[in-house]
Structures are given as structure tokens and as C-alpha cells.
């Protein structure tokens, strides 16, 4: 905690005891404000935790935070609700004494949330087993159930607890939670029948209506509209933006199951809740002195949901008549409208109040420790109870609540002073009596037998005659009118009378003055229920109601205790419980009334600081010494401030602390030395020490940094140097070994090479195998680098004699591989072209002069496209597909006159066409052969059978593309071997047994004409010499 003092100007001090001006309320509130602005909502007053509601989620309740506070000294970490919870738990475990944590504050200050955080801390950090986990779950799930039935929306808080709660958590010897027990105090039953404007009834009513299933609501006779029920519309606030009744209903139903409620118990419980709503809708009419029920629909629902079907008439009668027993005779007295309404409301309050008590007992049953009863268990109690309340209108409830807070303040002061005195005595320091306001005088004023306000109130409730709230006030004036802390309008001075009503009395509490209005005191204190209504409830078949309304009440003639007396007795038992335990305190503060995060209402907080008695608490805590720590902790933290204790102190701890404080210049009145602790009286002394430590830290840090840097750099240098030497030695050895190995290998290689060269002409033997292998390797490596680049490259390295045969095989394989690679890359079109070229080469190579000129020219698929062929020709061909077409010149058989024709090749025949006519068709099967000269002319003869009457003789044609044309004919007719290349002349049949001759002579230019001898003379230039 001391480490945070250096930032005290910004975030304040973590412990109000360390405030220099501790008597100043302004300084107290300013410290709260600084911490609140920094989201530091927790501050200590010694061991008391002050908590300010942030009205927003803070990331300080995670499992990591729980582990941070687990098992850590109370003052070693910053203030937190977990620190209080862990300190109580460790004290219970180590000292073996029961603990309790008292949580108090205004409505909306965060008391319920604080108790939840404590339960969650124990659920996470305590040892667990399967049975223990069940208890943990039930402890946690008891919260939503009790909140549903005991909390409500008020003007100050949307989830205000309308009852006090004390919960015991039982731990076994291992420290695991194994059970629990809950005691409830002073449920605000009046809220069932009446709510102030802007407030709501208890949550369970709205949760049932909003979240209940349709079948359930139909069974209970309820509608999904809270405006339909008189008990829910008094506050005119059925919906609240911050509350989701539908989801809360699911949480409550799940929690009831976890706690152990059976389906029948849940059904009967909801029947009772519905009956309260129906009861509120019972309306009265008739004359003033004789009331009657006018809302028959609602009264009919009551017997069904409360299971008093057989006594419907009794219920109806009990709500309009009072049963009196006079001289052993039963008399029925009619109720007027006001009395009937009061009876109805009293029944509703009694049913709900007793059901709530049954609910708490049921939860206690589920939390009961089921282990070996002979084994002792330890207890941590949680008291979540209302803080001091001062409203504009204060009634009986505020009187009881403030009386409770007086008792708790009395207990707190006594236990605080006792713990202080015990610590002083244990440390051997003289105890100085502390002056403080002893509020026992106020407690006696309220609870003293026969003379106290409660006794007078009971007496007024019990006495015969016309007793009223005003007669009660008059009796107070007569009995306690002279008390210094009691004032009424009649007894007050003129100035006080201006702010007091005639029906009010004022009590001067420890936290301030409060005016109480006596109207309603007697009725609320009596809290009576007509006997005949009790009888009807006892007849119910609802098992919960039969437990709540015991038939023994009917036979018991003794008048039940009043509400104030019951509360006084339960409070006395609570004080006994708390006195038997070691207490811890949590004081909750609400920062503003509008529930806004970040808003700090100084006036409201000053009011709460006053009524929580925090300044009185701080004054008592500071009456002695503001700061105390064990010697070892103090010396460990501040030993660096004294050369005699730095860096280590080897002697007694007390001597070391004495040496340290003398060096720091502490004056005798500023501190005391105990047996195991040092006590410092003034915060300024501690602040000066902490500031000196902060200054000293810089020089220490510089020295530590310098020493560490020097040491680390020296170590680093030595490490690097040693590493470098090791690496150098290792690397030098490697280099030397490599050089020696290379020299040996080189010498061996040279020796083997020379010997191999000498024996190179002999058969392979150990002497020459290296040399021969080297020769082979050299040839193969040279071959690898000088392989032919393509199929036309004929270069090849000269092999050694031993590899001649292998070289030839490799050359063939290489050529085959290149050819295969080349062929693999050829496209289908190019392949077809090559096949035609191959056929042309086979036929004409070295045989015809103009063949070499045709080689580089690609063959085309046809020389005539569709536009050049007459459609009639195409039609005459019919279904025959034309494979090739080329323009040719035909020479007549008589006179050799040239005529232009078209040669068309199909799959089965060659067709000669003239314009739109088919002049001649030559089937490939009848084609005897083809003749062509060896010169460069384009004349060729198609030989056909002379006996074929369809043919007129052989056909003499000339084509400009004779190589391509004849190749195409040879392929289509499959007549590759029937093409004859002649030199000199070609004979052909002219028809009718006559023969014709074509003479071929070389010349300077191409000339075709009929010679004088009657032959066809063809002169063609010779392009190549064969």
C-alpha cells in the first residue's frame, strides 16, 4: 500500500488514516473524489473498507484479480472487496475463529453487489469437490431468488433490498464451503399493498407476468399486463429500462431448480404469488358500515390458486366480517369499507411475509451441512443490512432501521476500540483512553425496558381504550420528554417548531437528527391478522400455506409479539452472533441519485459520510497511531535510507528499525517501538519517509543499473572472447586438415594418372583403370557440353578408340531422341503437310527438275475455293466430298488445242469439270497410271483403260502446281507407285486404238505446241542437272 503514496496528490491516499487533516470532512470527501475520478472505488479506514458505487462495470473482478488478492497480506495490495474477503478467510483458517463481514449503506450504494462479489470470490478461490461445488452453486443461486422475492425498484435504486440479510457460510477443516444459513430481518411487507410514485412492488410479481408461459398464466388466472392489478399500479411504474423481467424470470426458475425446489413446490409458490395479486383486485362496495365484495371474478380465482376450494364461502365471509368470541359464543361483526380494505391488505401482507420466511427456511434447508455433525466447522458471516435512512417523511420502518444502525454503530465502536486496545497491549504500548460519542444512551432510549420508546409503543398498542398514534406521542412526551436526545413539537424551542410537525418526534442519533411521523406507528407495530382469516388460511391444501399458518396459532391464547418487539429480539440475537465473531466492515456509498457513472454529488456524499459515521470511525482509528507495521516489513521497505541497514541487517529486527528511525530523524513523540511492530503517530512522518524513499530509489536505480550494466557487459565480453577463441581454433584445425587431405588426394591422383598413361594400351587392370575411367569421363563430359543442337546438326566429338562403338550408339540414340522430341512438337496440320512432302519426295526427288523448287512451298488443301467452283458441279457431285481442286489445262486429242478445265479430287474419283458440266470422271480403280516428264514442265497424262467405253482415251493435262497436284492424286487414288517419270517422250492412247506421243525437249522457256510430225511438243527449261 505504501507504494501508492507517491501518487497521493493525484489519486489520494488508500487509507483515510493517512490523511494529515483527518478531522476535516472536506479533506475526507476530497480524497474520495480524487479516487472516484480515477475509478479507484475502494479506500480503507484502517481495516474498514469504504466502497463508492461506480454505476458501471469495472474490469477489477476477473479471476486474475482474485488470484492477485488470494493469500496476500491485507496491506500489500490496493484496497479491494477481495482483500477484505481474503483477510477474513485467512484469519478464520489460521486463528480458528469465526469471522463476519458487515456491509451497510444507503439503498443503491452497492451492498447487494458487494455481498455477491464476496460469495463469488469464495466460490472461485476455495477448495472444491463435487459436493462442495453443489453448495457453492446453491449459495450463489440463493441471491437471484432472494432478490426476486425481497428486492424492488425504489426511487433511489432499481434493485433495492427491502429486507436485512445475514448469511453464514460454513467451511470445513479443509477451508471448503460446505453449508450456509440465512437470517432475514424486517421485510418491508407494506410494499405489497402500497408503493410510492415511481416505485414498484417486489420483482417476482412483474417477472411472473412478463416471463411466465401462457399455460402457467392461464392456470393462475393472470393476464400479461401488470396494469390489471391494483397492487402493481400504485407506483405507476410497471416497466423499468434497466430491468429485463423476462430474462430475470428464467434466471429465477433455474435458481429454484439448483437450490432444490421440486416442481410441486414451485407451483404452490407461484399459486401464492398469484393469490396476492388476485387479493389486491378484490373490491368492496355497499354501505360504509357494511362492506360487501363487488368483484366476484377475482374472488373466484382465490380459492383455486390457494387450494381452499371447499371453504369458498368462509373466505368470502372472512373478508367482510370479523369473528368475535364473547362468552364462548361466536359473533360475526360486519366490517365497514375501511376495515374490510385493511383486512384484505393485512391478509396479503401476512401471506407474502410468511411465504418469504418459508422461502428463506427452504433455502437454509438446501444449504444445511450434511457432513459429520461431530466435526466442527468454521463460519464467515455476511451482514447485508440497510444503512441509516433519513427521508422527508420517516415512519415506523425508518425508526426500526435507524435503531438497528445505532446498535451496529455501538458494536462497531466497541469492537474497534477493543481491537485497538488489544493490539496496544500485545505490543506493550500504553493505551490512551479515546474520547468518543457513546451512543448507548440512544440505544437505551429506544430499547430500555418499561421506559424505552419500544416499550411505550407496545404498551399503547396493548392498553384498552381509545389508543391512537397521537396518544402514543403524548405518552412519549410524558415518559421520555426530558431526555437530551428526544424532542417533539411541544417540547421544542420556537426555532425547532418551525421545521417539525405536531405529529412528529425527533431523535438525535449518532449520525444526526431525524424526525419521525407517528402516523401508522400503532398499526404497523400491531401487524395483526383477524382470527377468522387465519382460520381460512389454515384450511388451505397448499402445503406452503399450511406451514406458514400453523393451527397451533388458533389455540394459542397469548397475544403475539408486536413487530417492534420481534425486531428488537432478532436484533439482540444478531448482536450476540456478531459479538462472537471477528468483524470486518464494508461501508457502501452512493455517489449520486441519478445512477450516472462518473458523477460525484458532494452534498449527497457528505450526507452519507455523516450518517455512516465514517468521520467518527476515522477519529477513533486515529486517536492513537496512524500507521503500524511489523519490523521485518518496515525494515525491508526502508532499509535503503540508512547506510547502517543497507544492503542487509544481520542483527535483531528491533535494533535495525531503531538504527533506521534514528538516521531518519524521527522524534520520540512521532513513534513508538512495540514488541514486533513500529507505531508511527503522524501521517506526515510516513509521507516524509516515503518521499525520501522515492528520491533514494533514483540513486539506487542508477547504481544498480551501472553495476548491472558493467557486470553484464563484462560477462558478455568474456563470453564473446572465449567463444571467438574456440571458434578460431576449431576453424584453423579444419582448414589445416582440409589442406593436408587435398595434397594427399592430389599426389595420389597424379601418381595413378601417370601409371595409367604408361599402361594405356594394355587390357584394363588396376594400374590403368583410373586413367581409362578419366578418359571416358572426359569424353562424356565433353560430349555433354557439345551435343548436336538439332536434327540437322551433324557434328559429333571424336571419341577415343575404346569408346568408338559406344560413341556410335550414343550418336544414334541422341539423333532418335531429337527426332522424337521434334516429332512430339509437330501439330496435326504440320504432320499432314510433312506426310505429303515425304510422298512427294519419294516420287519426285532426283527425278524431276522442278521438285527442289516445290520443297519450300507448302501444299494447300485446295487451289479453288467455293466461289470458283460452279454450284452445278457441286450439285452434280452430290454427297461426294471434294478433297482437292486445282485449275488445269486440257489438251484435246485431236489438234492438241488447250482448254481450261478444273480437276476435282474426291474420295473415289478424279473429275474434270468445265464451267457447270462434268466433262469426265475417272475412277481411281480404273486409273492405270500417271506419266510425267523429268523436265520442269507441268504436263502429265492420266492413263485409263482403252476398253472402257465410258472413257475416250488418256487425259493430257497441264498444271502450274504439278508436284502438289500429282502428290494429291497419288494419295487419294493410292497410286504412289504408278507415277512414271519419263525422259524424252510419253506415249498415250487417243481412243479407237490410236496412240499419241508427247515429246519433251529442254529449252530456254516453257512452250507447248503441236509439232509438224503430229506429236505434242513440250519445251521446258532445265532447272537442275541430275
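Every residue, even glycine, has its Cβ placed from backbone N, Cα and C.
Note that TrEMBL annotation is computational and uncurated.
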Where TrEMBL places region 'Actin-binding' among the ranges 571-593, 594-616, 617-639: 571-593
Additional residues around ATP, ordered along the sequence, whose Cβ is within 8 Å of the centroid of 105, 106, 107, 108, 109, 110, 111, 112: 53, 157, 160, 161, 387, 588, 590
Protein Cβ atoms within 10 Å of residue 111 (ATP binding site), excluding its own: 28
Proximal but sequence-remote residues of the same chain as residue 109 (ATP binding site) (Cβ under 8 Å, at least 6 apart): 51, 53, 387, 588, 589, 590, 608
Residues satisfying Cβ distance under 8 Å from residue 105 (ATP binding site), sequence separation of at least 6: 51, 111, 387, 587, 588, 589, 590, 608, 612
Helix, strand and coil counts within the region 'Actin-binding' (571-593) (DSSP): 9 helix, 8 strand, 6 coil
